[in-house]
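Straight from Swiss-Prot, the features:
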TRANSMEM  45-65  transmembrane segment
TRANSMEM  160-180  transmembrane segment
TRANSMEM  182-202  transmembrane segment
TRANSMEM  221-241  transmembrane segment
TRANSMEM  293-313  transmembrane segment
TRANSMEM  326-346  transmembrane segment
TRANSMEM  357-377  transmembrane segment
COMPBIAS  411-426  compositional bias 'Low complexity'
COMPBIAS  435-449  compositional bias 'Low complexity'
TRANSMEM  469-489  transmembrane segment
TRANSMEM  503-525  transmembrane segment
COMPBIAS  584-593  compositional bias 'Basic and acidic residues'
COMPBIAS  594-604  compositional bias 'Acidic residues'
TRANSMEM  631-651  transmembrane segment
TRANSMEM  656-676  transmembrane segment
TRANSMEM  728-748  transmembrane segment
Amino acid sequence: MMDALRVLLETSTFNEVLRGLAISILLAKLTQSTTSSSKSQGSTFITASGFILIYFFARSWLALVNHYAPEPYLDEVFHIPQAQTYCEGRYHEWDNKITTPPGLYLLSVGWHKLVRLVECTPSSLRSNNLVATLLIALIALSCRRRIEAQTAVGIEKSAVSFYAYHTAINIALFPVIFFFSGLYYTDVASTLVMLVAYWNHLNRVASHSEKPGFLNGLWTVVLGVAALFMRQTNVFWVVVYMGGLEAAHVVKGLKPKPVSKNDTPDFVLENIRDSFGFWLRRYAVGDVHDPPVDMAWPDDWALCLLSIGIAALCNPLRVLRQVWPHITIMGLFAGFVAWNGGVVLGDKSNHIATIHLPQMLYIWPFFAFFSAPLLIPRVLSTLADLITHARTPTPSHTTTKDPGRSSWRFTKPSITSKKSSTTKPPQRSGPTPASSSSSSSSFSPDTNSSGRGFRFILDLVLSRKLYYPFYLLATILLSAAIIHYNTIIHPFTLADNRHYMFYIFRYTILRSSLVRLALVAAYTLSRWLIWKRLEGNNPPLRDLAGETGLKITKNKLGWRDEFSASPFVTQDFYGPKTIKTDEQKNIKDKQKEVEEEEEEEEKEDWLIGGAYTTLSLSSTQPSPATSSPPTSTVLLWLLTTTLSLVTAPLVEPRYFILPWVFYRLLVPAMPVSSSLVSSSSSSSFASSTTESGNGDGNDAATAARQQQNGNGKRGLLWNIIRRTDAALALETVWFLAINIGTMYMFLFKPFYWKTASGEMLDGGRLQRFMW
């Protein structure tokens, strides 16, 4: 260890420190919002601190690797000589053992010419990935900023939230990415190019009114081809994921004329054909069903895919005008496959495409392990909800049971949740609910309808989500069947004990078939936790709206009525209100008061520092960072992940990098009141709003205002600290700990391959542990 410290001190020259600081400050300046004020110098320094952490941590890792493993190691044995061949201008020479395209080597040649490096040495080639890691943080920040801008309003659209910044830093520190920042592998550069392509895609869908031009389409093709030059499997992310998102963007921007409730046929047995025909026509004109993922159940997933698919098929020219670059990329890739005789370059015998469905089971524990700090708030929130609902009796003033909310309402609300009879929901492009004075509870039996039994069953199955336990059981049985019939153990997994996956398989999957089946529980729980984390958590506002029928308009949460286009939601879902008028008015007054206070606070925050104080983490006014992604986006992510993984017989953590990166970019922020920091303010507000109308909640609002005013006087640093999600900070610490552990194993725990008789193998070279 003393030798390692000496190496770090020797490489940390004054010029090196200045270079690192200059690069970090430059990157921080590039992230600054155009709305930042003259006081943004402090925020620039704090922004730079994240890049400083990445630079010096990665620089130290690179220096140690160059010292302890100066010669090419493992796959570097193929990559470094090939890059050196390109550096010498011999572009027609190719090592047939290399299976990936030459994108990494071309980037290296360009980088060496840019910085005027004469020779392509192992250390100089490895340094390419250090630069790429810094750029990953920068581009990831831009991508997350664009994602948040999709639900932002006003000044927030041009802002950079602290959550976006912290997320970008953590993505760059992701252990499987960061480890290869010190080695010459394709993964870091491939991730960077994919993020650039994704950033371009987000710019293309930034507006429904402004269509991307032809030159931008050509640029999209160039970026897509560049991504394919890094890895062949990137075609799924460029074509399926980004192309699918752009197709969905087009059909959601059609904006059909709204229809009245009187023109909407009721979904009853004798009218089922007319109802289906009506909704097929509505989907055809773009009235699609795409709720936020935290409001969607499996039936919503099916309706989402169906409605968007119908809309795309019925509007082919509009869709083609948007997605032609992705179709072009797919055509070019198909031409390459035909010319090459397959997807893989070089050694095709050990990389044969095989249907390997267990990959979609292995990925969930992988995600859960690395996302453990982010899952803690969700677990605690679920446990708290379970305890609360178990202890809290039904309010005495509630005269009608809410049939629109499922029995699993503590998990998430349903889009079939009851609305108030006196508060009209905002009009959307689909049917609008009529006054509930003409209806009772959800799908209540109608004595004038012969289909009341059908509606009652529909109520049980869809409104109360009676099918959900059967859905869970089906996923468990399907997982068990996949394990039993499709488990594949690639020879490389068992032949190389230098990879961590060797030991994971050895002590779990290879133990016995019983252990394999027992792991279904881990796969199921991990999948549920990851999905719930994608949903985010905004319980105070949503529970408040669901219980009282408060009007939810186009707020920062993005929860609005306009996404609902389901034939199963009728006027009967909007039952009589179950709360006193005075009590509802009291809640509205308190909500309005807190919102006004938060607006004033946000104005002050903007003036303090544009890049850091844009994220409002209050319980009643969630910022765009807390908005859950649309269901279509998550389903496309899941589809693309499946396509990119199930064709690979070999299980490698590196294959999970892009699925994890895109998942992490979609994860919404957790309100501070829902994080590990404190939930006192949220609890006080939630409890005050559920009082029986006596106005006791005003004390909580006053206390919160006094606390906020006091905190605002402590300056930028305190503002950042109190707005920082502790789970996000814990994720940073978690990644640093994992990185230090894997660095230690690679550098200081080498071993030799020996036969049973003690004879050295592999020429007596040191072997090292790695991902």
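A Cβ is built for glycine as well, from the same backbone N, Cα and C atoms used for every other residue.
Under 8 Å from some Cβ of the transmembrane segment (357-377) lie the Cβ atoms of residues 174-175, 479, 482-483, 486-488, 519-520, 522-523, 525-527, 529-530, 532-533, 537, 641-642, 645-646, 648, 651, 653, 655-656, 659-660, 663-664, 667, 670, 674-676, 727-728, 730-731, 733-735, 738, all in the same chain and six or more residues away from its ends. Tertiary proximity for the transmembrane segment (182-202) is limited to same-chain residues at least six positions away from its ends with a CB under 8 Å from its CB atoms, namely 58, 61-62, 64-65, 72-73, 75-76, 79-80, 83, 100, 103-104, 107, 122, 125-126, 128-130, 132-133, 135-136, 139-140, 142-143, 146-147, 176, 216, 219-220, 223-224, 226-227, 230-231, 234, 237-238, 242, 245-246, 654, 657-658, 661-662, 665.
Long-range neighbours of the transmembrane segment (326-346) within the same chain, counting only residues 6 or more positions beyond its ends whose Cβ lies under 8 Å from a Cβ of the stretch, are 94-101, 220-221, 224-225, 228, 232, 235, 238-239, 242-243, 246, 320, 353.
Within the chain carrying the transmembrane segment (728-748), a Cβ under 8 angstroms from the stretch's Cβ atoms is held by residues 1, 4, 57, 61, 64-65, 68-69, 163, 166-167, 169-170, 173-175, 178-179, 370-374, 376, 669, 675-676, 768-771, all 6 or more beyond its ends.
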